[in-house]
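First comes the structure, then the notes that go with it.
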Amino acid sequence: MLLSQTRGRLPSTLRSFSRRALSTTLPRGKDSEETALNKVSRNVTQPISQGASQAMLYATGLTEEDMNKAQVGISSVWYNGNPCNMHLLDLSNRVREGVQKAGLVGFQFNTVGVSDAISMGTKGMRYSLQSRDLIADSIETVMGGQWYDANISIPGCDKNMPGVLMAMGRVNRPSLMVYGGTIKPGCARTQNNADIDIVSAFQAYGQFLTGEITENQRFDIIRNACPGGGACGGMYTANTMATAIEVMGMTLPGSSSNPAESKAKDLECLAAGEAIKRLLKEDIRPSDILTRQAFENAMIVVNITGGSTNAVLHLIAIADSVGIKLDIEDFQKVSDRTPFLADLKPSGKYVMADLHNIGGTPSLLKFLLKEGVIDGSGMTVTGETLAKNLEKVPDFPADQKIIRPLSNPIKKTGHIQILRGSLAPGGSVGKITGKEGTRFVGKARVFDDEDDFIAALERNEIKKEEKTVVVIRYTGPKGGPGMPEMLKPSSALMGAGLGSSCALITDGRFSGGSHGFLIGHIVPEAAVGGPIGLVKDGDTITIDAEKRLLDLDVDETELARRRKEWEALRDAGKLPQTGLTMRGTLGKYARTVKDASHGCITDSVE
């Protein structure tokens, strides 16, 4: 008899049940009944003592039969102010439809999001990385407070993906991710109908400043770069993380390359219901999938595809959520043995929609598995191993030009390089594809704010004939605060034709859309007294990717003098403001965030 059918009667069996303590954890055990799927939600749907909980659930439209079903929290990062996210409510509705058809109860809820592209180059960018941890916190909060048995998350923009994975790792209940999907390429009518994307819009600014394009061409680019819903199209951060998460096994096959507006994405959403039911039946949790080997596969694929440097701190943070220690040197070890094969933007020619047309991520992973580059033994959200998932996947067409063969790589080793030295004793992350060379020596031009750099560029103060290392500092996780991305400065440099004569280093981050000679994630950051805060205009800086060095050519005596000067300015309150003196959400973030080499996590107990 269902509890809801007692109508005031209290049989002895139920009196006994109502006094029995129900565990709030997820014990592993054998239970052949269908109700075994609701191991968590039955803490509120079954006990007589939780009648008020049940009354609230009936008010949502649940039936008496529904009270015995597993409940799935469907968390979407939907908001209509960003193309990466504006379609996610539609996808969430389709996911719920699939969940209900699978005989489960689907409850939809939302979490926060920040558009990197809209906030880029403004103070709004300070909220971007912080949103990753807010997403994780909010999903964890709802999953814990509402007693849902499983989670399906639907992210779209850059920080969404690691945020939902961190929540899945913390909660550790059966979970899977449905990626919102990639946008279609745009088309520039004034440039022979060339394919364009969001990075084209960023670079158009520098091209306009130098007279390479007219105002009419510039407007044509920004008006047509983004033709609809979906994440930015190249191997930028969103597609990088989605691809990494697919190879780790936390999505259904093809999720990372299925375009946002496609039948394939629609079918994927519907299939998520049966997939999550199998995970519940077999008690497969994120901790069973997100193993050390899964993270090895992810690091390999990030290097193979020329993916975003943001993957370094995001994968470290996701690993931390499941108790796996990943550090920046792990990325270097993988990079040293992994070739760069993908001719994908930002450094290459093609976008994710092009990869989808030749078989997508599944065909890429099959190619890598056949070549022995990745390990296929790990469990995935299908309930099968990665290798099993790839058995019937078609090979790439013989004439495809997007993914190079191992015998003819773009670069024999990976593009992600971990550099240390007198400027970055705690590490830094370089994005070195080889096109910009592997060594750069130049004179420092220092800016405490990216707006000051843009103003200098507009005044034509950065000369093409001079080797310059642009230093943008006080942009770290505590200093920014929020470790904003430097896509606007890096794109402006490239657009202005300064990519070969200028390098850019920062204690902030770079967008997945950035390319050029770029070093970010410098630890320690300027706000906490890192050496980058001691650099002055005219100092010689050496970047050597082969020796993995980031050095400041200033003797120890002079550095000691500068440090005393810096400390005096700090004590007098004359340094740039950091998050450490702020209130509100950014101040709270600055006081809890770890450095970039430790993933910028905010829930550390150390």
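Just so you know, glycine gets a Cβ as well, placed from its N, Cα and C.
Among the candidates Cys84, Cys187, Cys269, the one that Swiss-Prot lists alongside Cys157, Cys232 as binding [2Fe-2S] cluster is Cys84.
Checking the candidates Glu465, Glu466, Glu485, Glu525 against Swiss-Prot: the one annotated together with Asp116, Asp158 at the Mg(2+) site is Glu485. There are 33 other Cβ atoms within 10 Å of the Cβ belonging to Glu485 (Mg(2+) binding site). Shown in sequence order, Ala117, Met120, Met125, Ser128, Cys157, Lys159, Thr237, Asn310, Leu487, Arg509, Ser511, Gly512 are the same-chain residues outside Asp116, Asp158, Glu485 whose Cβ sits within 8 Å of the Cβ centre of the Mg(2+) site.
Compared over the binding-site residues Cys84, Cys157, Asp158, the count of CB atoms lying within 10 A of a residue's CB peaks at Asp158. Ranking the recorded positions Asp158, Glu485, Ser511 by the distance of their Cα atoms from the Cα of Cys232 ([2Fe-2S] cluster binding site) places Asp158 first.
The local packing around Cys232 ([2Fe-2S] cluster binding site), expressed as other Cβ atoms within 10 Å of its Cβ over all shown chains, amounts to 29. In the three-state DSSP assignment, the secondary structure recorded for Glu485 (Mg(2+) binding site) is strand. DSSP assigns Ser511 (active site, proton acceptor) to coil in the three-state reduction, placing it in neither a helix nor a strand. In sequence order, the recorded positions near Cys84 ([2Fe-2S] cluster binding site) (Cα within 10 Å of its Cα) are Asp158, drawn from Asp158, Glu485, Ser511.
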